[in-house]
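Single-structure report; data block below.
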Amino acid sequence: MSLSSKLTVQDLELKDKRVFIRVDFNVPLDGKKITSNQRIVAALPTIKYVLEHNPRYVVLASHLGRPNGERNEKYSLAPVAEELQSLLGKPVTFLNDCVGSEVDSAVKASAPGSVILLENLRYHIEEEGSRKVDGQKVKASAEDVAKFRKELCSLADVYINDAFGTAHRAHSSMVGFDLPQRAAGFLLTKELQYFGKALENPTRPFLAILGGAKVADKIQLIDNLLDKVDSIIIGGGMAFTFKKVLENAEIGDSIFDKAGAEIVPKLMEKAKAKGVEVVLPVDFVIADAFSADANTKIVSDKEGIPAGWQGLDNGPESRKLFAATIAKAKTIVWNGPPGVFEFEKFASGTKAMLDEVVKSSTSGNTVIIGGGDTATVAKKYGVTDKISHVSTGGGASLELLEGKELPGVAFLSEKN
């Protein structure tokens with residue numbers, strides 16, 4: 001699946017067309033109040049571009065939260081409609097459902113150039129294809145799923161996907177539109193361009209920075225990246241499993257991943273065969289408890305971590321080592337912070353690493369931050385706009401980096 005050959009919104013003839021855009025309006029809510037409108041703002045360029053090209057109307061659809069295939073007012077998109085209306089500066093019609101005869105009539109009767117937001121797609125079991133009942137998975141029937149998809153599809157001539165955060169899910173709104181033109185919006189196109197360049201044609205040296213607790217969770221990621229990168233920094237909790245297996249280091253009460261430990265030698269063999277440099281921390285900030293106000297000290301890997309203590313961040317020597325590795329790279333993909341940045345005492349390693357990748361990005365290199373915790377870090381320290389690309393999809397970006405095909409991307413039309 002080439003990421004750079006997909007049809008984009010700019011390839012479409014939009015005049016007088018009925019346009020359906022799958023957006024990601026899965027915003028955080030406090031009751032009915034939106035606490036961050038970032039995802040709505042991110043969709044505006046695509047919506048505005050379509051409106052400038054005089055469509056018959058624009059239908060927007062999204063999920064919000066996990067209503068488990070049934071109506072739940074807690075997850076209504078009504079507050080999003082209000083916020084979108086004020087951001088767009090034009091009326092947004094909010095409909096009480098996403099399929100059914102009332103939706104069909106309202107959409108068809110809308111004035112030319114209207115913007116219509118449908119209610120939460122996940123109110124229907126047919127969107128995800130299943131729901132949980134008493135802890136058991138209950139599947140939607142194939143007939144019901146086909147009917148749901150057909151009803152959504154009947155609202156449109158053209159389908160645009162701008163929801164990268166859900167691109168790794170084969171949900172109805174991601175893969176159910178039997179239309180000749182299925183294009184990526186600006187947000188999705190940007191994701192595909194950055195990941196496509198890094199994974200298909202990177203400017204070298206190419207560095208991957210990986211954090212996270214368990215090696216076992218990251219095996220596929222490390223294995224796939226070893227085929228592509230020139231060097232890897234391994235930080236976070238999983239560094240302790242590598243240190244223990246490779247150097248028999250004393251790791252005290254730090255995270256040790258038994259299942260992952262069995263795979264470490266194989267991964268290192270592959271790294272050696274591919275000529276990939278693997279960089280591990282050489283000192284640690286350790287704590288006598290996993291808590292924000294724990295007692296702390298710095299130890300080198302030679303000293304080891306004593307029993308009763310655990311490593312929660314890398315130390316000053318590791319920061320220097322990582323900085324030197326980052327300084328050599330021309331393309332950097334970062335997925336997972338190197339320490340427990342949520343606690344101030346253990347945030348220095350993450351902050352130092354962030355400073356180095358910002359330096360790299362502002363000097364013209366390509367730096368991609370995978371979504372999830374690492375994107376949270378960039379946001380926390382206010383540097384999102386100083387990084388080449390901060391991904392909007394944690395799970396989706398991880399699966400891309402693991403070498404998996406994303407159903408929502410594979411489903412898009414190819415450029416002619």
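Glycine is treated like the rest: Cβ placed from N, Cα and C.
Summarising the annotation, Swiss-Prot assigns (2R)-3-phosphoglycerate binding site to Val23, Asp24, Phe25, Asn26, Gln38, Arg39, Ser62, His63, Gly65, Arg66, Leu121, Arg122, His168, Arg169. Every protein chain considered, the tally of other Cβ atoms within 10 Å of the Cβ of Ser62 ((2R)-3-phosphoglycerate binding site) stands at 27. Look at Ser62 ((2R)-3-phosphoglycerate binding site): DSSP puts it in coil.
Of all the Cβ atoms in the protein chains shown, 24 others lie within 10 Å of the Cβ of Gly336 (CDP binding site). The annotation CDP binding site is assigned in Swiss-Prot to Gly212, Asp217, Gly236, Gly336, Phe341.
Spatially close to Gly212 (CDP binding site) yet at least six residues away along the chain are Lys218, Gly236, Gly237, Met238, Asn335, Gly336, judged by Cβ distances under 8 angstroms. Under the DSSP three-state reduction, Gly212 (CDP binding site) is assigned to coil, being neither helix nor strand. Annotated ADP binding site per Swiss-Prot: Gly212, Gly236, Phe341, in sequence order.
The AMP binding site annotation in Swiss-Prot covers Ala213, Lys214, Lys218, Gly237, Gly311, Glu342. In three-state terms derived from DSSP, Lys218 (AMP binding site) belongs to a helical segment.
Under the DSSP three-state reduction, Thr374 (ATP binding site) is assigned to helix. Within 10 Å of the C-beta of Thr374 (ATP binding site) there are 30 other C-beta atoms, taking all protein chains into account. The ATP binding site annotation in Swiss-Prot covers Ala213, Lys218, Gly237, Gly311, Glu342, Asp373, Thr374 and rests on similarity to another entry.
Annotation comment: Swiss-Prot describes Ala213, Ala216, Asp217, Asp373 as Mg(2+) binding site, evidence class similarity to another entry.
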Fill in the blank from the handout: The number of other Cβ atoms within 10 Å of the Cβ of Gln38 ((2R)-3-phosphoglycerate binding site), counted over all protein chains shown, is 13
Handout entry: Rounded Cα-Cα span from Asp373 (ATP binding site) to Lys214 (AMP binding site), Å
Key = 15
Problem - Cβ-based isolation winner (fewest other Cβ atoms within 10 Å) among the binding-site residues Gly65, Gly236 - result: Gly65
Handout entry: Cα proximity to Gly65 ((2R)-3-phosphoglycerate binding site), best match among binding-site residues Ala216, Asp217, Glu342, Asp373
Key = Asp373
Handout entry: Nearest recorded site to Gln38 ((2R)-3-phosphoglycerate binding site) by CA-CA distance, among binding-site residues Gly311, Glu342, Thr374
Key = Thr374
